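S.K.: Features from TrEMBL:
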- B:171-188: compositional bias 'Basic and acidic residues' (COMPBIAS)
- B:189-198: compositional bias 'Polar residues' (COMPBIAS)
- B:71-98: domain 'C3H1-type' (DOMAIN)
- B:100-127: domain 'C3H1-type' (DOMAIN)
- B:233-260: domain 'C3H1-type' (DOMAIN)
- B:306-360: domain 'RING-type' (DOMAIN)
- B:389-418: domain 'C3H1-type' (DOMAIN)
- B:142-203: region 'Disordered' (REGION)
- B:71-98: zinc finger (ZN_FING)
- B:100-127: zinc finger (ZN_FING)
- B:233-260: zinc finger (ZN_FING)
- B:389-418: zinc finger (ZN_FING)
Amino acid sequence: TASFAINYNKPEYIQKPGPVRFITKIWHPNISSVTGAICLDILKDQWAAAMTLRTVLLSLQALLAAAEPDDPQDAVVANQYKQNPEMFKQTARLWAHVYAGAPVTSPEYTKKIENLCAMGFDRNAVISALSSKQWEVEAATESLLSN
Amino acid sequence: MPQVSCRVTLGLLPPACQHCVLLSGTKDSRLEFPFGGLIVLRDRDLGVGVSCRRRPWDNKPRDASQSGAMSTRHVTCRYFIHGVCREGARCLFSHDLTASKPSNICRFFQKGQCAYGSRCRYDHIKPSGSLVVFSTPDMAPAGLVSPPGPPPSEEPIAPVVRTTPQRREKKSLVLRDRNLSGLSEEKSQSNPSWNPNHGNDAYKADEEVKPQSYLEAICTGLEEVDVAQCFPGDPGQLCPYAAAGACQYGEECVYLHGEVCDICGLQVLHPYDQDQRKAHEKLCMANFEHEMEKAFAFQASQEKVCSVCMEVVYEKSSASERRFGILSNCNHTYCLTCIRQWRCAKQFDNPVIKSCPECRVISEFVIPSVYWVEDQSKKNELIEAFKQGMGKKACKYFDQGRGTCPFGGKCLYLHAYPDGSRAEPEKPRKQLGSEGNIRHPEWMVYVPVPMAD
C-alpha cells in the first residue's frame, strides 16, 4: 500500500472543477513527475456539474490502476511505459517506495541511487535523472551535471 | 368579417374615421355618426377615446318605426354609458345620464358576488341610496336582486314617501318586480310567514296594481326582467351562503338549502335538479382527483435532492429556487438553478453541457416544473405542454422572417411571418462550438415560462 497526497481545492463553480494535483511525487504516464499535474478528461473538458470530491478521487484511483499512455501528461514516463513496461513497473514501484511508503522495491535501482547520491547529488534529482534515463548511470550523471 | 371600430380621441382631431364627423363650434366637441347618433365630448373626456362601433355592411339606418311604440326613453342606454351605442339619436334608450335611470347595475354584485370584481363593466352598487327599493324587505321574496339581507324586523317599516315623478317611477318598479316574476308570488305564498310587511299599506297598494305589459316591464326594471328570464322554470335557487358554508337564516331561509356533497362537504346539491347534481358531482370529482394528483406529485417531489448542489430541492432557501429542471431525455434530478447554470457554462463543448451531468445523456431542453415528474407518460404531457407554451412566443432569431434561425425546424419558438403564416420547417444549421457566435438557444438553458400551479 502506498499513500499519495493530493491537493484539491473546492470547486468555486458548478461549471468547472477545482484544481487538482499530486503533491506526493509519482511515476505515472498521466501525471507529471515534476509538478504533479494530472491529465484526466473529467478534470478538464469532460467535467460534469454533478461530480463531487468522491467521484474525482474514484477517477484518480482508476487512473492509477489503469494508465493511459496514449494521452500522456509526462512524455518520458509514457515512453518508458510503452517501450519497457517492466522497467516502468520497477521505477513506479521505487517511486512509490521512496515517496509514498510502499514496501518493496528493486535492490538494483536502490544501489544505483545510493551510488549517485554518494557523489553529492540531491536524492530527488538522482531518482528523476535515473528514471528518465532508463537507469543508465552514465546518462543520468551527464544530465545531473548539465543541470 | 371583422367589426370596424372607429376610435376618435379628442386630442387627435380631426377624426381619422370616415364614419365619424366632428361638429365643432360649441364649447363641447360633438361627435356625430352619420348612420345615427351624436356623442358630446366634454372636457372631462379629453384624452378618453370614444368608439364608434358598427359593421361596414350595416349602413342602413335603423328603422325607428319598428319599435317606435315602445317607450324606453327614460332608461339609460347601457351602451351609451360605455360610449359604444351605435344607434345614436335613434336609440330607443335614453342618452341623457342625468334624467334617466341607470340600468347597468351588476346583478351578480347585488346578489353578493361578482366574479369580475373591479374589472366588471357594470356598476357595483349595493342596494342602497337611490336604489333603496331593491333592498326593502318586501322585495326579498322575489329572490332575484337582493341577497338574503338582514332578518326582517318585526316592526313595520314606514313606507318611503315618494313624491317626485322619478320616485314614483321607482316605486312602480318595486311593484312591477313583485308581480312580474310569477316566481315571487309563488314564493310569498309558499312562505306566508316570511313577509312581515303583509299588513303594510304600501304593500296592499302594491297588490292592487294590475299586471303590467311587457313594455312597461322593460321600461322599469330591465335587469330584473333579465334575471327572471335567465332562470326560466327555475325550480328554486340554491342559497349561496349555505353553499359557501353557513347561512345565518338556517331553516328560515327563503332559498333552497342544498344537500351536502360527499366530496366537498358543502350544501351544494340541488334537491330536485338532477342535472345540477350530476354536473356538480362531476366537477367535484375532477377537482378532487386534481387535488390528489397534486398531493402525490408533492409527495414524490418532497425528498428529491439536486445532484449538483446536493440540497433537497423543496428545502432551498429561496422559494423561487424550489423548482426542478427536468431534462427531456433522462431522469436525473436537478434544481432549475443548478442545471441552468451548468448548461450556461462557457468553457465546454455543446455536447458536454447539453448532456446530463450524471449520465451524460444529451437532452435538448430543460423543462421547469414545480413537481418532480419521472413517469414517462406524464413527462410526455409535460414536454408537450412546454413545447406548446414555447411555440406561442416569437423566435428572436427568425424575427418574423427578417432573420434566420440556426435551429430551423427544430426551434421551439414560433417561426411566423407578420401575416401570421407559419414558416416552412427547415433543417437546422450546424451549430458552432463554444468559440463560435451561435450558442445553444435560450430554451436549452433558460425557459421563462410562468410557473405552473
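Placement of Cβ uses the backbone N, Cα and C atoms for every residue, glycine included.
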S.K.: I'm checking region-level scores; what's the whole-number mean pLDDT for the domain 'C3H1-type' (B:71-98)?
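M.R.: That stretch averages a pLDDT of 75.
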S.K.: Just give the helix, strand and coil counts over the zinc finger (B:71-98), going by DSSP.
M.R.: 7 helix, 7 strand, 14 coil
S.K.: Could you tell me how many residues in the zinc finger (B:389-418) are helical, how many are strand and how many are coil under DSSP?
M.R.: 9 helix, 3 strand, 18 coil
S.K.: With helix taken as DSSP H, G or I, strand as E or B and everything else coil, how many residues of the zinc finger (B:233-260) land in each class?
M.R.: 8 helix, 4 strand, 16 coil
S.K.: Tell me the residue counts in helix, strand and coil for the domain 'RING-type' (B:306-360), as DSSP assigns them.
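M.R.: So the counts come to 19 helix, 7 strand, 29 coil.
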